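Per TrEMBL, these features apply:
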DOMAIN    1-85  domain 'C2'
TRANSMEM  219-244  transmembrane segment
TRANSMEM  331-357  transmembrane segment
């Protein structure tokens, strides 16, 4: 007994319920005025459990079948997208594909100039930036808005139950979830993947894995140092060339729910059980003790990483703080020598020599750390003052 709910901004629509059908066809068409291309349209599919009436229907809830989110900025203008999107729902026993829904979406634009101009406009009104709300105020307002909207839609015809509204609004997405935390960490690492690939490429250059490429980089580096006015134009030109090269690999279809990105296929059943637990919890002490120990181990690793970052920052601050008189004296002497050297010798020769020294052949390298690294690792930090 499936029906669809579509939401865009403040506007909600609900289709009719197709009774006793595993392949329902609604064939309904809706149109919304787009106020910003950054916005998202959400389509959810539910199983109607309120058709029989009686006391059982009061306690029952409409079962989730799945939902689809489509960001309008990912759509080309005046093009019809007719695609089948998978319906995926997360349950306490794991992820489950419940079917597919076929949608036809078209994004039209009457003025291309106004569409491009909307990308430069602020997302919120001016008062939001002059007097911003705190995180707690935003969460409180979101909770109140969800309650008000649920009460209003429950009185509509046909009514929308509160569980449907909460599912469409992603209520509870900020509750602790080990799976979602790992997924966000993977997203963060993937966002910095470009820097990692650039460092791997430079490491191959400095190790002379390909002598022709290394010599070409030496020549290009020399030209940039001797003609520094070409640095910024070359950087922007490389961005243009890279963007043009990615045009053929551009996505052809709007994105949909990604199980691999959400890590729903690589987690244990206990993670799902923890994610679907109520707040406050309804589990016994033994289960809570196990989860608490696991959370402590994860938080311990995070604490170690944060402590290492704080140590490096404190070492930078201690160079001129005289916490280690000998280290500060050495650093001040180095700065004095560097000041005289940079005054007498053109900076281009320094930059040229520094670059060539960093890309020197491996036979001229040593495996032990360099003197600056040894000096920096010996600088004091505030770790010894912690209890």
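Cβ from N, Cα, C; glycine included.
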Other parts of the chain folded back onto the transmembrane segment (219-244), taken as Cβ under 8 Å at six or more residues beyond its ends: 348, 351-352, 355-356, 359
DSSP-assigned states of the domain 'C2' (1-85) in counts, ordered helix, strand, coil: 8 helix, 36 strand, 41 coil
